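J.: Below, the features straight out of TrEMBL:
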- His328: active site (ACT_SITE)
- His375: active site (ACT_SITE)
- Asn329, Glu358, Asp360, Glu409: Ca(2+) binding site (BINDING)
- 889-916: coiled coil (COILED)
- 1060-1094: coiled coil (COILED)
- 513-532: region 'Disordered' (REGION)
- 848-867: region 'Disordered' (REGION)
Amino acid sequence: MTKKFEFNWQIEVPEALRTGCVFDRWTEEKDNTEIELNCLFKADEYGFFIYWQSEGKDGDVIELCQVSDIRAGGVPKDPKLYDKLLSKHGEQLDEKSLTICSGVDYTNINYQHVVCPDLATTKVWLDGIRSITHNVKANNVCPLTCLKKHWMRLRMLVDPNGKVPVKVVARTFASGKTEKLVYQCLSELGLPSGKNDVIEPDDFTFDAFYGLYHKICPRNDIEELFQSITQGKADTINLEQLITFLNEKQRDPTLNEILYPLYDEKRALEIINDYEQNEVVRNERTMTKDGFIRYLMSDENSPVFLDRLDVYMDMDQSLAHYYINSSHNTYLSGRQFGGKSSVEMYRQVLLAGCRCVELDCWDGKGEDEEPIITHGKAMCTDILFKDVIYAVRDTAFVTSEYPLILSFENHCSKKQQYKLAKYCDEILGDLLLREPLKEYPLEPGVPLPPPSMLKRKILIKNKRLKPEVEKQELELFKEGQFVIEDEVKEDASALPPTVAAVVDQQPEEISETVTPSTIQHQQSGSGSTGLGDSIELVAAQPYTGSTTNVHPWLSSMVNYAQPIKFPGFDVAEQKNLHHNMSSFAETAGLNYLKTSAIEFVNYNKRQMSRIYPKGTRADSSNYMPQVFWNAGCQMVSLNFQTADLPMQLNQGKFEYNGSSGYLLKPDFMRRADRSFDPFAESPVDGVIATQCSVQVIAGQFLSDKKVGTYVEVEMYGLPTDTIRKEFRTRVVPANGLNPVYNEEPFLFRKVVLPDLAALRFAVYDESNGKLLGQRIVPLDGLQAGYRHIALRTEANFPMSLPMLFCNIDIKIYVPDGFEEFMDALTAPRAFRKTESMSHNKMRGLGIEESDSKNNVDSKNNVSSHHYEAAKPREEMKFDPITLEILRQEKGYQKVLRKQQKELESLKKRHHKEKLTVQKQHCVAIEKIFKGKNKAELSRDPIVRRAVSEQTAQWSRLADRQRREERDLVRGHLEERRAQLCKLCVTAQLAQQKQQTARHDREMKDMTARQARLSVESAREVMNDKTLKTRGIKEGRLREKQQNNTKKFMEERRIAQMIQNREKEKLKVIHEKQLEELQKDMNAIMDMYKNEDMDYELAKMLAEFYV
């Protein structure tokens, strides 16, 4: 972080604890008791240790990071030890006693008992130790502070004379160096160096220990980095070099430059002044290698953003919008079958930050019929429900003040359910949320309340009666008239071991039933059954689940966590009851993920879901929680007693946000208007994909033995982001102290969803594969640069000295082919300057820009194909189809010739008819004229009548012939119209066929080009030597194929769009052509029609005037 961050990890240690007090200490194990009287107990000023020493004995310590609880009281069971302490401290022995609980996991707890001199001192130490425990920030101190912590431990492990034994100091470095070398280095520092020598505490200063550390474990790994910064030309780093290193190596380039500005001269000088010990060098504004090492080992160089250790998330969202740290079968300290139940597990799990614990409640068998908690019908021991509720009360809000959910699996009769409700009411008191908040009623559409409004509140998850039934029965109960009818009690141990119900399916999850014949068939297979057989039989047993016959008082205590049988995603959405929730066995949850992933995510935006391990996990192993976090499941319940990989992921994740047990889900997993598929491999809208590389350079104090070690680096997140068992360093033999790996960086090339991803560092002993240390670091909180990563135990407890030195590089993921484009966007001036310089240099060599581009395209097949695909496309052009062109067609000419013949034939016929009529008229006139005077003919009525009749006949003939000719011409015109249309359509179809042929050819060429590109992409990946393993190559190939598929589909879409546009354009042209053709033909038809009209009009006028 560029701004200086003050990491205030220290909690003030009370003066009484630093001054110390004399106590009597005793321990009591199975076969061993120990008592040490008059021990001087103290706590150091930093709150790292409680240490003690009695006269004549060696000093001893307890690390406070391993202290889970400090309790009032505690007396020995051994009668002799009890009598001895009672005789010294009297009847107030229990009141003056304290019990310090510590351990490096949740099941193997060590109890140190102390007896204080008086009650006041007991109270002071009880409150004092409680105030400095559970300091999560102290678990994340820098390597330099860890060295100081170890030095303080060595000074506490003194001999009876108060001296530091040399052999104790030598043991620190025994895993990599010989004792002889350690003694020699001590001698060179002027300290006692004999095997049996001792060192005065005042002489064994931190500077002396720090000098010894560097003599025995010289930081050659940092020396190489130092030389690369100074370029081997100086013994110090100057200010300019330091600024460049900080900005280019130690800063995440994806960070906002306003919130996280670049390092400047002022900030770099602050770093020099803080870490450079040599005043002369400091005044010269430079930094020596020692100062540089101190800076790299400081809090400023933490691998994670240290502000994430506080509550930094928005805690005002609905409960359904958070991941909730959850436990399964919390009471068990071991196996699910025949295991031991323990009240202590509830304390440890709650103190570890868990916010949802499970209580399997059954009827007790004793005379008092006290309800018990056990794994029903699985041959597990039982504990009293009442004791668990007391443990919950005492530890519920020690680590986190945010709401705790008690998940009841209730098998009790109503009579004992009354006791469940009574104990919850009386013991938990105001901590219990008895009624819903007024602002968040239990109504459809009303979201769940936020964690911030439920601080220090305990919610009960249990079946609830129907509102009307609960109201009626509760009123009867309050009036003392509620009658409990006889019930069939469930017996927690009723079934024989062979059919014991290991499977703890909730009633709401039962989706399959098993017939009695099936069970009988399974049972008849063998006369005897072992544990394995029992588990198989158990998996087939129909499980009745918790009772639905709920006592009204207990029912009234249930509000925001009401379990129901899962109704299906559609029904749940319709009902829209946010306070309803369902539980799923991991197998059922996986099935829903496979078939309805998006619906599952949407369900979890509104309501809570709980996932629990399948019943066949009799060894209490865990499933991978990440897959359900990816779907937004809130309560991913795990077996806390098993420190396996899933549990490491869980505790590594929930360490952040102040160990509150609540982590806000990413934005797109909360908003109703966003859709998210957890199996998607493409980046999520609005989320920038990340590229991360990790170089494991060296290790420090990895083992206390001389063993060979190697490191694995893994990524967990979405399925597409998860990379396991792929990245592993070489083995460094026989050096557990300071192995140097100097591996090539492990590249996580594309992390689609950084918000859900986490890196895991794991160190293994190469001889037996034993895990020596591990660390889970969420990717969204990871800092870039050279970082020391402190390791944790299997159960995620801090280890003082073991650490890895790594170089972490975080960038924005840039798809193939966009590197230069990204450079131009991020630094346009620098890009243009570099590009211009390159062009100028090439011109100086006589190479033109166009030549270089062609050369690049010819060498790079992928680029050339991309270039080929992007070439400008010439649009296909067609000759216009006009009336004149169509009239030249053979078909049209043939029709014209035929019509001409028909017209000529008609005219010939008409001419003959006229000649015939004319001849007839002449004969008739001649007959009339015969024997008559020509002068009188005009007055002769016979002649006049004959002329009139012949004139009328001739007119009729002319009209008929004209009409026949007109009808023939009209028919010819229609025939021409039809022929022209037919020819036009034929011509248009020919053009369309040409266009289709070209389009098909283009698509065929595109398919061939894309196939070539796919083959070349595969060959490129397989030949890429930077991709080390087959899995990485397959992932890279899959990414390339996805990118190619996306690009190919887009290319095809664009091509299809262009082709469709061309088709549409041609269609419009053709329609317009037909329209023009029809228009021209109509004009010709209209011309003929107008001629007819003119003729008729003239005829009518003539008749009128006649």
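Just so you know, glycine gets a Cβ as well, placed from its N, Cα and C.
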J.: Within the same chain, where does the coiled coil (1060-1094) have neighbours whose Cβ lies under 8 angstroms from its own Cβ atoms, ignoring anything closer than 6 residues to its ends? I mean 6 or more beyond.
T.: 875-876, 878, 880-883, 886, 966, 969-970, 973, 976-977, 980-981, 984-985, 988, 991-992, 995, 999
J.: Between His328 (active site) and Glu409 (Ca(2+) binding site), how far is it from one CA atom to the other, in Å?
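T.: Distance between the two Cα atoms comes out at 11 Å.
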J.: Give me the Cα-Cα distance between Asp360 (Ca(2+) binding site) and His375 (active site), rounded to a whole Å.
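T.: Cα-Cα, rounded: 7 Å.
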J.: What count of other C-beta atoms do you get within 10 angstroms of the C-beta of Glu358 (Ca(2+) binding site), across all chains shown?
T.: 25
J.: About how far apart, in whole Å, are the alpha carbons (Cα) of Asn329 (Ca(2+) binding site) and His375 (active site)?
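T.: Rounded to the nearest whole number, the Cα-Cα distance is 8 Å.
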J.: Pop the Cα-Cα gap between Glu409 (Ca(2+) binding site) and His375 (active site) into the table, whole Å please.
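T.: It is 10 Å, counting Cα to Cα.
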J.: Can you check what DSSP calls His375 (active site), collapsed to helix, strand or coil?
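T.: Going by the DSSP assignment, His375 (active site) belongs to neither helix nor strand, so it counts as coil.
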